[in-house]
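Undergrad: Let me give you the structure first, and then I'll get to my questions.
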């Protein structure tokens, strides 16, 4: 192995050992602790599946429903089946391809000390080597947010919601053990078709409800 590659490999080895000692608290129980879901779906509603409880064509006037809904954000809501996002469901992003998602270098990566002596030597890494190590760490630990359109069915309006999910097929930490998990979320207002049996018969109406969606992902311990 030529000297530059050997130097990079040595720094990565020492960095891995340091991170293991620093973040080992969550590591031993990685395979023993339950892993939470990275999605935030609507709580399953117990409803009669009969078509009599479905909205009729006269109940789907788009102008009236938009008036009831108020804020209609077409980036996340759609009445008709939309085209899928290019990165939807992609759980196998290449390490350095993650940089294409953009953004500033995280402060946690900038704060990593690469000047610690390696194996008793006094050599310090060059600025170029530091930058390469920072980029490698960023690409490896980066947790992009993937979007995909979800069809909620005819009893929700608009029935298509663009929901976020965290790519978690591989570990995002050095050493392995941490995965990408939801960090923040928000709520979209949509309408739900609700029918209630009254003495005078079936009473149905569109009612507003909050639909939770993930807005950011972060590399963190499981559990």
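Backbone N, Cα and C define each Cβ position, glycine as well.
The following feature annotations were taken from Swiss-Prot:
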- 1-26: signal peptide (SIGNAL)
- 61: N-linked glycosylation site (CARBOHYD)
- 143-180: disulfide bond (DISULFID)
- 166-217: disulfide bond (DISULFID)
- 172-219: disulfide bond (DISULFID)
- 195-204: disulfide bond (DISULFID)
Undergrad: Taking residue 166 (disulfide bond) as the reference, which of 61, 143, 172, 180, 195, 204 (the recorded positions) have a CA within 10 A of its CA?
TA: 143, 180
Undergrad: If you run the three-state DSSP split on residue 217 (disulfide bond), which class comes out?
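TA: The three-state answer is strand.
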Undergrad: When you rank 172, 180, 204 by Cα distance to residue 217 (disulfide bond), which of the disulfide-bonded residues ends up on top as the closest?
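TA: Its closest listed neighbour, by Cα, is 180.
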Undergrad: Measuring CB to CB from residue 219 (disulfide bond), give everything in the same chain under 8 Å that is also at least six residues away in sequence.
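TA: Long-range Cβ contacts: 141, 143, 172, 173, 178, 179, 180, 181.
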Undergrad: I'd like to know which of these disulfide-bonded residues, 172, 204, is least surrounded, judged by other CB atoms within 10 A.
TA: 204
Undergrad: What's the CA-CA gap between the residue listed as 'N-linked glycosylation site' and residue 204 (disulfide bond) in angstrom, rounded?
TA: 15
Undergrad: DSSP on residue 143 (disulfide bond), three-state: which is it?
TA: coil
Undergrad: Just how many other Cβ atoms lie inside 10 Å of the Cβ on residue 61 (N-linked glycosylation site)?
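TA: There are 11 such Cβ atoms around residue 61 (N-linked glycosylation site).
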Undergrad: Starting from each candidate's C-beta and looking 10 angstroms out, tell me which of the disulfide-bonded residues 143, 180 has the most other C-beta atoms.
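TA: Result of the Cβ crowding comparison: 180.
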